[in-house]
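Visitor: Below is a structure I'd like to ask you about.
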Amino acid sequence: MFLSESKKCLIGAVLIKIGSALLLTWGKTNVYFYSFYKQTEPDLSIAYNTLPIAIMALPIALITIFSVKIAKKVGFILHIRIATIIQCASLLIAPYMPTYLTFLIFYIFFYGIGYSSVAFPVFSCTWSHFKKSEGRVSGLLLGAYGFASVIYVIIITYISNPNNQQADLITEHKTQTIKYFSGNVAQNAQKAAQIVSYVASICCLIGGFLIRPYVETTNYNQVGVSDQKIQQFEEETPKQHEKEAQQDSSVEIDPSSVAVNDLPLEIASDHGLPQIKIKQSLSAAIKSIQFLTIVSCLSVLTLFLLTLGLNYKSYFLTKINEDFFITFVDLVALLASSFANILWGFLIDRINFKILFVIIYFVSGIGAIALPFSATDKISFFIVYVVTMMFDKGALVVTGPALIKIFGDDIGHQLFPLTYISSLVSVVVGPISQFILLKYFSFDIILYCQGSLILLVIIFIIRLNMNYQK
């Protein structure tokens, strides 16, 4: 049985997302790897879990921003295959590194380089096969990404700590006290890293050889206008009035008020819209208040996600020192957010994205503020954390289709990778600010402040004008 190119592409994209999901587990599993290397490096600082990653994240974020442009120049197929091979090789090497820093270089940096190179080109390729269903495709891919991270966390946790041993060693860094593991838990961490690396690398490699962009068959497919409609348009325009019709349309149609990216280039240029204005709107879109607002809001939310993600297990072990329970809560949250991502994908195809954004940011802000309070009680912590994760991770699902609705198909696709500027800001500001602030404030205070910022940006979302004009 032969699969269509569209189905192959979708399967390949899902496999790449599954293979890339290991990166999402760092904050939930780094305590095991830290414990393993702490045995041979007694002076190893807990700051290695965050600060080196901030430095490594700079080139990773920059590659992500320009990944689609690079893919267009070298070809999507070649670009994706090279990136997935890098992911595969780095993961296979990482578990055998002798020091924590070299482990991070392969497990986070080189693996992250491959991930960042392929993350948005995968969306572009898959979207090209499923026009008008970008939201559902985004939800499916991010859902697979979330589900895979659940499996990886389960594998790492239960191989490293099969007997639910409590973290029994303590290290202090500034105002932060961190608990970590000794004995068999620390020893088992390397085996856990090896197993998940094998699984992730195989998924990346297979997916990289399945995915390919849709090949256009007509000149008009990129804008969604059929040849039949174009022919009908020209038949309805009498030849004797052709010149007058062109003059009238050039007066009545203002290029600044038309979604020029959704018009056929040929028809647009024949009816008063110069081609040069149709093709140059990317730079104007980048400077638009709509795009800048969306990126700014995402930066605030991503900062919270990154801060919590990098410190999840090390932070909550100080509140509730039960490894299995903390892992269980995170697994439920990952599963719930994966289902929620699929739901967000369906909703963005039907509901105004501003409404979804306001809901997502409101619940996320309240959740960030409530987390430190809720961590004193297991049930409260479970509810608050799971609900917060279900909502805040939906922002990325909503963003891609929202950009397409505002700016048109072509420009929206090009803008989506640029939203990773929010992650660039977060990976730089987050760990560095955390490193500085923890000298004076507790981690609880950091979460309160970030939650308040998330609630504050709702004002800018409400005031956002969806009608983009150059």
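Cβ coordinates are placed from backbone N, Cα and C, and glycine is handled just like the others.
In TrEMBL, annotation is done automatically, which means it is predicted and not curated.
These figures come from a predicted structure and were not determined experimentally.
What TrEMBL lists as transmembrane segment is 9-26, 46-66, 78-97, 103-127, 139-159, 192-211, 289-312, 324-348, 355-373, 379-403, 415-433, 445-464.
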Visitor: Could you give the residue numbers and ranges of same-chain residues that sit at least 6 residues beyond the transmembrane segment (9-26) on either side and whose C-beta is under 8 angstroms from one of its C-beta atoms?
Guide: 3, 53, 80, 84, 87-88, 91, 108, 111-112, 115, 118-119, 122-123, 125-126, 129-130, 137, 140-142, 144-149, 152-153, 156, 196-197, 200-214, 309-310
Visitor: Decide whether the stretches the transmembrane segment (192-211) and the transmembrane segment (289-312) have at least 3 CB pairs under 8 angstroms, with pairs required to be 6 or more apart in sequence.
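Guide: No; fewer than 3 Cβ pairs under 8 Å.
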Visitor: Based on Cβ pairs under 8 Å, which of the stretches 103-127, 289-312, 355-373, 379-403 lies most in contact with the transmembrane segment (445-464)?
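Guide: Most Cβ pairs under 8 Å with the transmembrane segment (445-464) come from 355-373.
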Visitor: By Cβ distance under 8 Å, which residues at least 6 away from the ends of the transmembrane segment (103-127) in the same chain are close to it?
Guide: 9-10, 13, 16-17, 20, 22-23, 26, 33, 37, 48, 52-53, 56-57, 59-61, 63-64, 67-68, 70-71, 76, 79-80, 82-91, 93-95, 97, 134, 137-138, 141, 193, 197, 204, 208, 211-214, 400, 413, 416-417, 420
Visitor: Ranking 289-312, 324-348, 355-373, 379-403 by the number of C-beta pairs under 8 Å to the transmembrane segment (139-159), which range is first?
Guide: 324-348
